[in-house]
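So that you can see what the record holds, here are the features copied from Swiss-Prot:
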- 3-78: domain 'Lipoyl-binding' (DOMAIN)
- Lys44: N6-lipoyllysine (MOD_RES)
- 124-172: region 'Disordered' (REGION)
- 135-153: compositional bias 'Low complexity' (COMPBIAS)
- 170-207: domain 'Peripheral subunit-binding (PSBD)' (DOMAIN)
- His425: active site (ACT_SITE)
Amino acid sequence: MRESQFLLPDVGEGLTEAEIVSWKVAPGDSVAVNQVIVEIETAKSLVELPSPFEGTVGELLVVEGQTVEVGTPIFTVNGGEADHGVTEPAGEAEQAAVDAAASVTHESEEPKAGAVIVGYGSAGHGTSRRRVTHPGAAARPAAFPPAESAAEPGRAPSTPVPPSGGGPVIAKPPIRKLAKDLGVDLSTVTATGAIGEVTREDVLREGTQASVFRNIQTPEWPDDREERILVKGVRKAIANAMVTSAFSAPHVSVFVDVDATRTMEFVKRLKSAPDFVGVKVSPLLIMAKAIVWAVRRNPTVNSTWTDEEIIVRHYVNLGIAAATPRGLIVPNVKEAQGMSLLELAGALEELTLTAREGKTQPADMANGTITITNIGVFGMDTGTPILNPGEVGIVALGTIKQKPWVVDGEVRPRFVTTLGGSFDHRVVDGDVASRFLADVASIIEEPALLLD
């Protein structure tokens, strides 16, 4: 009976090692071609490796938690293809595994909780991956239903809706989580939202300060005085990338406060537009489109520095910084410059779901040209982000909240955010950085410019 060895393949771009996270089979199990055998963690992502062999698992040569070099035998398969007269040299088997890993589509009935994609908040439930069904459609004002008078500053809140009394409660996932953290029963809350939904203010009003301290428990201090965490995998890759960027590229940062009221109105209208039914729409979508628009006007910020030359990219692979339980990752939307607003929304949604499931592949994070980090979902006003290696621009989107703002000589409450950009000063001069961020701000202030 023929025994075939499976060698750990290079599933990324020049990766040299990976950690065995979990085995999906045991010795004696029957396996088919393309059946997932093992889950590994590289310096870039978590990857499921399918078997290029058919047969019976002979021996698992590496234990979970062990880090091994590319090309190391990690398990054996007996029989199968050999019995059918099909043999495969080790090198071809390795390449087959890489090809199979790249072609496998991962689906899950429900995304794993816990992973937070910057710009989308906590992972939801009952969300399935979908493809955009109208790839060619672009957002047009005519496609929108008549907009409700948008929340004009000073407008009185909607008529309060009494507690549901056991009926369904309208509340967004972050509001439900806040209510759970504060020990507030949503069915007892009087809703003041525009369509009868429970708002953050409603929950905070219901939960008194005393209940906050009573229901949010502080973890006990561990018995051990110290904890030592081995630096490996994604954390090691993050550390190396941040050190390389911080100490090789001289960062320059600029900031601007922006009236985002019309962006909030535009997002509300998009959610009601027929073409966008079932599509995730948030201010991050407008921000992403604004970045692409501003790059076209200021192409230098979409460059890379090579010591010998500056390479200006005339395409946009738009990175979205994502915080996950495994650490920071920056997948990117390929060729974002050619996407309509609807297509970009679908691409961001796909990127979100993939990151939540921990299935972002190395290729999804390669060849980025400029990045957005949405620290606003964590309640932060702004920051000085570090450049993604190989890029010369990154923009932080701060939280969007109501603040006093002067409009036509009068102080009114408006939705305001702060944009913070970091740039590689070897490539981007201060005037270019300022013009670029001002262009981004102009779209946030008036997103209708995107439709010109």
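Any Cβ shown, glycine's included, is placed from N, Cα and C.
Other C-beta atoms found within 10 angstroms of the C-beta of His425 (active site) number 15, with every protein chain shown included.
Under DSSP, the residues of the domain 'Lipoyl-binding' (3-78) split into helix, strand and coil as follows: 0 helix, 40 strand, 36 coil. Summarising model confidence by region, the domain 'Peripheral subunit-binding (PSBD)' (170-207) averages a pLDDT of 77.
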